[in-house]
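Chemist: I'd like to ask you about the structure that follows.
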Amino acid sequence: MFSRYAFRCAQPLRQSARQYSTEAPKSKSLAPVYVAVGLAGLGVGLYRYQSGAATAEAPAERPKVFTGGDQGWVNLKLSDIEILSHNTKRLRFEFPDKEAVSGLHIASALLTKYSPPDGSKPVIRPYTPTSDEDQPGYLELVVKRYPNGPMSEHLHNMNVDQRLDFKGPLPKYPWEANKHKHICLVAGGTGITPMYQLAREIFKNPEDKTKVTLVFGNVSEEDILLKREFEDLENTYPQRFRAFYVLDNPPEGWTGGKGYITKELLKTVLPEPKEENIKIFVCGPPGMYKAISGPKVSPKDQGELTGILKELGYSKDQVYKF
């Protein structure tokens, strides 16, 4: 049912240099001394010139919108709305400084805050932007509307030029290139956004050779968020990225998984627990956490590992719950 691929290797570039030698004159004249001093001065001047040029050419670090700590809330204007499906929108919020970047790192999220007009308690929810952390001028959220979800309903009711409060970044799992040999992303619904953030970071870094397997569960095909982006990764990196989709209500002719993410599916597509340096990330609704890995106790407490991953023999250290 699933195909497997061989992994590519990148070829290193080589550089060469040539050295020159000169023969000192036999004359006892002071001319060589003057020449040496002159050349030394020329060398210093050339070094200073080149150093100055290098400094001038080095790109200045862009200002960051979110700096954490005691910064407080940052109010941003909604500048663009894109309808992705019957219940999902992509919302773009612009930064006051067009040259600024978000200041987020991998993996991290932002808090959003909405104050109801009736003066009731503010609604605060975390969201992981889907725009690149190095993108200047704006950030984007992909938001699915949930019944009785006050923040998602508010975001879907917003119009261009209205404003929303943000705060962050909220640190999650610190990533660095090649931290793990193979990672697996098990996601449900909007739990895909931190997974996409992590996968995008891995594949945009040519030094990072991490393999990535995605298992993504949804109700219907229309609910698969960021599918185009993941298909682009599959087409560009077929030897390092695989995606498996599971639907509760699949359409006729669907060739992916059906129903829920099962123990049999995960046993088939995930690396074995005995493999070295692997990590499994889980993010989704409460029911999925309960079935796959067990819930988190708090943002800082991962809780015990239970569910399917425990039954398959994975250890607590091999699993991270967003």
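The backbone N, Cα and C atoms fix where each Cβ goes, and this holds for glycine too.
Predicted, not measured: the structure shown is a model, and the values here were computed from it.
The annotation FAD binding site is assigned in Swiss-Prot to 179-214. The domain 'FAD-binding FR-type' feature in Swiss-Prot is assigned to 71-176; the stated evidence is sequence analysis. Among the features that Swiss-Prot reports, transmembrane segment is placed at 30-46, with the record citing sequence analysis.
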Chemist: Cβ-Cβ under 8 Å from Lys179 (FAD binding site), same chain, 6 or more residues apart: which ones?
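Modeler: Counting only residues 6 or more apart in sequence, the Cβ neighbours of Lys179 (FAD binding site) under 8 Å are Thr210, Lys279.
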Chemist: Residue counts in helix (H, G, I), strand (E, B) and coil for the domain 'FAD-binding FR-type' (71-176), per DSSP?
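Modeler: Taking each residue of the domain 'FAD-binding FR-type' (71-176) in turn, the totals are 8 helix, 48 strand, 50 coil.
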Chemist: Counting other CB atoms within 10 A of each CB, which of the binding-site residues Lys204, Lys209 comes out lowest?
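Modeler: Each of the binding-site residues Lys204, Lys209 was scored; lowest Cβ tally within 10 Å is Lys204.
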Chemist: State the count of C-beta atoms found within 10 angstroms of the C-beta of Cys184 (FAD binding site), not counting that atom itself.
Modeler: 25
Chemist: Mind telling me which of the binding-site residues Gly189, Pro194 has the densest Cβ neighbourhood, counting other Cβ atoms within 10 Å?
Modeler: Pro194
Chemist: Just to be sure I understand the packing, how many Cβ atoms besides its own are within 10 Å of the Cβ of Ala199 (FAD binding site)?
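Modeler: Its Cβ shell of radius 10 Å holds 24 other Cβ atoms.
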Chemist: Please classify the secondary structure at Lys179 (FAD binding site) using three-state DSSP.
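Modeler: Coil, per DSSP.
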